[in-house]
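Chemist: What TrEMBL lists as region 'Disordered' is 1-44, 146-169, 192-211. For 16-41, the entry in TrEMBL reads compositional bias 'Low complexity'. Taken from TrEMBL, the feature domain 'CS' covers 92-193. The annotation compositional bias 'Acidic residues' is assigned in TrEMBL to 201-211.
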């Protein structure tokens, strides 16, 4: 082909040859619905490596001070707590009892419930406290409907007792509580209740027999 023929190449062909080939970029780049380029596989891999480095190298990050801040604790509102109401068991005083005097012990018989009341004594609830001049008895009963009653008896004694040797016992047939008060000094008790003192005990000391 002569030089003159080469110079007569159509301009349309020259312009077409000068246009860039965009087919390769279309195969490597995708767009989202919003028109933004989606991350490539290489970018995803780098992001994953950053995640595992962050969570797998705590000691190395701690040396460099690259640690996540601790979360700030928040106080739970007191209004969010649930309050439970415990039913109050009424306490009544023992109204009926009897007693008798012995040589070394004073016996007190406490009626736990009237015979026709249908109440049952809870033996495990019996608590007795003895001092040198008083005692306190506490116990509970339950009626047929399941209602519970707590009963108590507090008595100031006319004479002193030995608290360590005093005790309680339940009589199975009558459900009475038998209180055995050990006398500090063997003597006659005219009254159960009173105001015992050290002077009263001294006066109760038995006299020595004359030879």
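Just so you know, glycine gets a Cβ as well, placed from its N, Cα and C.
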Chemist: Using a Cβ cut-off under 8 Å, which residues of the same chain at least 6 positions beyond either end of the region 'Disordered' (146-169) come close to it?
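Modeler: Residues 89-94, 97, 106, 108, 110, 112, 119, 125-126, 128, 130-140, 177-185, 187, 189-196, 198, 200-201, 204.
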Chemist: Taking the domain 'CS' (92-193) alone, what is its mean pLDDT?
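Modeler: Over the domain 'CS' (92-193), the predicted model scores a mean pLDDT of 94.
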Chemist: According to DSSP, how is the domain 'CS' (92-193) divided among helix, strand and coil residues?
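Modeler: Final tally across the stretch: 6 helix, 58 strand, 38 coil.
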